[in-house]
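Student: Could you have a look at this structure, given as structure tokens, before my questions?
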């Protein structure tokens, strides 16, 4: 990369990044938090945060990167994608004021508590089973890629570990105070560190728990933007340290700074992967929507589908194996835009931007329903569902649309199943006469139906 090419890339980076940052800041000042703000920050992080790191690697360590023309295409495609996304998100699809609709479901106090207990049990039981089969993989494996080898059993169980976080979110939303907020941080980060050691270096649960803690603090006004910035720097350093442990790296001096730059870029902002994909554009055989349904294969156990393909050719694996001919054992993240290019080229970038705008719009609608819900138990369930889907949005920005669709469907099914089981258990308890009246001063001040645990709302 020459200085002239760097100057051109810097100009485009400033214009596109400034455009997205301005819109995000305006939205933040208006609402403090919604999923448009969150996705916009993720988008900035994924496609723009890595540019300065790449430049330092190029000019400070003489690292060879993707040719500048493809990096330029990556920045321009990110800017165009966000513009289409933002217009879609802001387009009103129906009138603002509508007559109140009949609630689709109700939740009482016992059902809410049973729901979070079941989700926590799902996570704890699957972690325990995985541990009994494999032990602490962090101290047993020589390379991180060995996590995906045949020597590790019960890999499918990892997808259930995450449900500890929405369980703790329900606990927080049932009693929204600073004590519950701090307990959420301690509980979820401790669980994340446990899964980090057991699985062998997976940091997702730690990152998500800390991010949710910060966003809740911003919403409630318990932390300021300066505190958020300092926490972000601390999180980057912590993720770097965990990455060193994951890859068994021992570095110092300038080598440590170099390692910090490329690991931080690859962890938070794999934007160069999009440039690399665009560089190999002529080698792509467009996959259509096939990567979306192929990604569901990982959720089907082999004992249920004996002929299940051993290789799941989603957009990340197609990019890694077929386009780059890389068989190192780890898939290279194509990013959201890259996955759309794999599916259908430039046309799919525009269609994908519209679809993502509608997805984020739906999550914001559901989140607002949860905030306005008068029943505190139903509100806790709705808001924990929305915040629990944060992991899926990180997958959307980093891994692509196909990975997002399969994971969000899985999350919805398991979350809904936990709530349905909770309602069934409550019905059985109520039928057995085990639901007793709540006695105390509150009963004297409320209607008869609210004195019963089962009808508390």
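Think of each number as a place in line: the chain as shown, counted from 1.
Even glycines carry a Cβ here, placed using N, Cα and C.
Features from Swiss-Prot:
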- 3-23: transmembrane segment (TRANSMEM)
- 41-61: transmembrane segment (TRANSMEM)
- 65-85: transmembrane segment (TRANSMEM)
- 118-138: transmembrane segment (TRANSMEM)
- 154-174: transmembrane segment (TRANSMEM)
- 181-201: transmembrane segment (TRANSMEM)
- 206-226: transmembrane segment (TRANSMEM)
- 227-247: transmembrane segment (TRANSMEM)
- 340-360: transmembrane segment (TRANSMEM)
- 377-397: transmembrane segment (TRANSMEM)
- 408-428: transmembrane segment (TRANSMEM)
Student: With pairs 6 or more apart in sequence, are the transmembrane segment (206-226) and the transmembrane segment (408-428) linked by at least 3 Cβ pairs under 8 Å?
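Tutor: Contact criterion not met.
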Student: Report the listed stretch (65-85, 227-247, 340-360) having the maximum count of Cβ pairs within less than 8 Å of the transmembrane segment (181-201).
Tutor: 227-247
Student: Count the Cβ pairs between the transmembrane segment (154-174) and the transmembrane segment (3-23) that lie under 8 angstroms and are 6 or more residues apart in sequence, then report whether there are at least 3.
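Tutor: Not in contact, no.
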Student: Are there 3 or more C-beta pairs under 8 Å linking the transmembrane segment (340-360) with the transmembrane segment (41-61), counting only pairs at least 6 apart in sequence?
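Tutor: Counting Cβ pairs under 8 Å, fewer than 3, so no.
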Student: Near the transmembrane segment (340-360), which residues from the same chain, at least 6 beyond its ends, have a CB less than 8 A from one of its CBs?
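Tutor: The answer is 35-36, 39, 77, 80-82, 84-89, 91, 274, 277-278, 281, 284, 286-289, 291, 315, 318-319, 323, 334, 396, 400-402.
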Student: Residues of the same chain, at least six outside the transmembrane segment (408-428), with any C-beta under 8 angstroms of its C-beta?
Tutor: 107-108, 110-112, 114-115, 117-119, 122, 159-160, 162-163, 166, 296, 299, 381, 385, 388-389, 391-392, 435, 454
Student: For the transmembrane segment (65-85), find every same-chain residue at least 6 residues outside the stretch whose CB is under 8 Å from a CB in it, and list them.
Tutor: 1-2, 5-6, 8-9, 12-13, 15-16, 19-20, 40, 43, 47-48, 51, 54, 57-58, 271-272, 274-276, 278-279, 336-337, 346, 349-350, 352-354, 356-357, 360
